[in-house]
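Here the structure is laid out as structure tokens; the discussion comes afterwards.
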Amino acid sequence: MGKSEKRVATHGVRCFAKIKMFLLALTCAYVSKSLSGTYMNSMLTQIERQFGIPTSIVGLINGSFEIGNLLLIIFVSYFGTKLHRPIMIGVGCAVMGLGCFLISLPHFLMGQYEYETILPTSNVSSNSFFCVENRSQTLNPTQDPSECVKEMKSLMWIYVLVGNIIRGIGETPIMPLGISYIEDFAKSENSPLYIGILETGMTIGPLIGLLLASSCANIYVDIESVNTDDLTITPTDTRWVGAWWIGFLVCAGVNILTSFPFFFFPKTLPKEGLQENVDGTENAKEKKHRKKAKEEKRGITKDFFVFMKSLSCNPIYMLFILISVLQFNAFINSFTFMPKYLEQQYGKSTAEVVFLMGLYMLPPICLGYLIGGLIMKKFKVTVKKAAHLAFWLCLSEYLLSFLSYVMTCDNFPVAGLTTSYEGVQHQLYVENKVLADCNTRCNCSTNTWDPVCGDNGLAYMSACLAGCEKSVGTGTNMVFQNCSCIQSSGNSSAVLGLCNKGPDCANKLQYFLIIAIFGCFIYSLAGIPGYMVLLRCIKSEEKSLGVGLHAFCIRILAGIPAPIYFGALIDRTCLHWGTLKCGEPGACRMYDINSFRRLYLGLPAALRGASFVPAFFILRLTRTFQFPGDIESSKTDHAEMKLTLKESECTEVLRSKVTED
């Protein structure tokens, strides 16, 4: 009876002692971590507007995730294989959930969001925001500039920064320990497919994250305490802030839920393809595998500097790190600021932009990773062939990406900012051009951003600068009339918001996204072959440390600095800054889209172009380089084949004896 109960209990635990069960749990962890990461990137614009901070600070917040990751990556990669890897991954998922909760906390600690406007906050009629002659200017941002320093909410973005650091700390063990766990206990021929499934999970997470971000961006940030009918802004307005905090609460819950299964997995698994006896005892092959794994783990603590020297002297490994740093600099810059670029370039809201990104870009990425893994498994592609496959696929996608330079739109036509009051475009913003003969008598503020669109198709920075004298309606339906600067036949009225860019610009957005579909598919198709070059160019005992060192270099040389320097460069293309209560600049309201486009498309293209130089040298080195991964793979396959032959011989002997009896 006791043995029976023990066997049932053992079976209950042993259901987790399978590599495929671990793969399922790890895929869920990949989904949850990529979900929260994508949601964070999608909400950066909303966070920028909520706290009134420049893009360079937003870049610091984004890079803080990598700072947290950097704090533990070498420690985890070095000691991770000695410790209980599944439990460490589970703890990491729970810590990520804690970080997401901390990010959402400022919403509950600070007051309501107050967007920049010259319109009255109530329905009471007021002439203070109209064009009125012989009036002293009463639209100063505040009487006491020290209010900005005194206000607690002006530094609330630090909570987001710290929360993102904690999220980065939690994410640290998932990839290096998860990949090394699979590499240790999966068949070598199945490893590319399993990694392809993980990469697919990393595209499902962003898909869910972008859909969640799209939904939250359409909800006003203070939905629980503000009557949205009184708002004078819409989701397409650059002052609009969506309910960014809701999604982080969802991400916190998902990350904590995905942590539970990892606490039930054993420290080691039977090597895939090696069978256990029915009573749960290990066969000789499995004992040998476990003994070898233990020896490798003891060795990694003794020979840390030996392994570091070996990795540093591995030319393909070092060149691969250089390629990854350049490619990730380009990728992080492109992906982090893509919502901002599409909003400014094509005049779309954040909700529309992130929805289109999820709809057009992520399915081909998911498909590409899956097909790439299947190709590697089906045709048993060698490392040398994988290197060539990855190189030529990346090069073809790189050349295709240059078509994006054609899919461009002009700046929003804003009088005194991008065009003259007669509608003639000019390149540079000069402050005294904000005023014209039609509004100099109005004594308007030249700093406030509360744009209106005139019947003449030209936008103005405020109703006062448009020379408007009265209004009808309330909220977003407000219409301004008798606007002296609007010279259209028979009418001189304006409505709230910037003017639309027109159908031609919308068509170019569709073409841009179609190019992105093919580009994402081709690039992701090269992902698995490229990653297998990294895994197979290092010895098995160096694998965990090698993967961790690779991730460390990417984070310190790309993940942390890239969004910071790119954000600072984007700030230099700003045409008009928002104004805080103290009169200091807040978030940027409008960019010079031509300069922004050259920066957004040009810098990543230059970085990616440079990455093909070390990639070419890798192709040259593969001709003579002896890949440890291929040697170990062939040995494992040979051993498994011999084991299968012996099992077949034993089976035949038993059958013959049964026949004789």
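Each residue, glycine too, has its Cβ placed from N, Cα and C.
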Residue pair Glu116, Pro339: same membrane side in Swiss-Prot: yes
Cysteine from Cys438, Cys444, Cys485 that Swiss-Prot links to Cys464 by a disulfide bond: Cys444
N-linked glycosylation site according to Swiss-Prot, picked from Asn62, Asn134: Asn134
Touch test for the transmembrane segment (21-40) and the transmembrane segment (87-111), at least 3 Cβ pairs under 8 Å: yes
Nearest of the recorded positions (Cys453, Cys464, Asn482, Cys485, Asn491) to Asn443 (N-linked glycosylation site) - Cα to Cα: Cys464
Between Cys485 (disulfide bond) and Cys438 (disulfide bond), the C-alpha gap once rounded to whole angstrom: 5
Recorded stretch that, among 242-266, 381-404, 513-535, has the most CB pairs under 8 Å to the transmembrane segment (311-332): 513-535
Closest-packing stretch to the transmembrane segment (513-535), where packing means Cβ pairs under 8 Å, from 60-80, 203-223, 242-266, 353-376, 605-622: 353-376
Other C-beta atoms that fall within 10 angstroms of the C-beta of Asn482 (N-linked glycosylation site): 14
Stretch among 60-80, 155-183, 242-266, 381-404, 545-570 sharing the most Cβ pairs under 8 Å with the transmembrane segment (605-622): 381-404
Within 10 angstroms of Asn482 (N-linked glycosylation site), Cα basis - recorded positions out of Cys464, Cys468, Asn491: Cys468, Asn491
The topological domain 'Cytoplasmic' (536-544), counted residue by residue under DSSP: helix, strand, coil: 6 helix, 0 strand, 3 coil
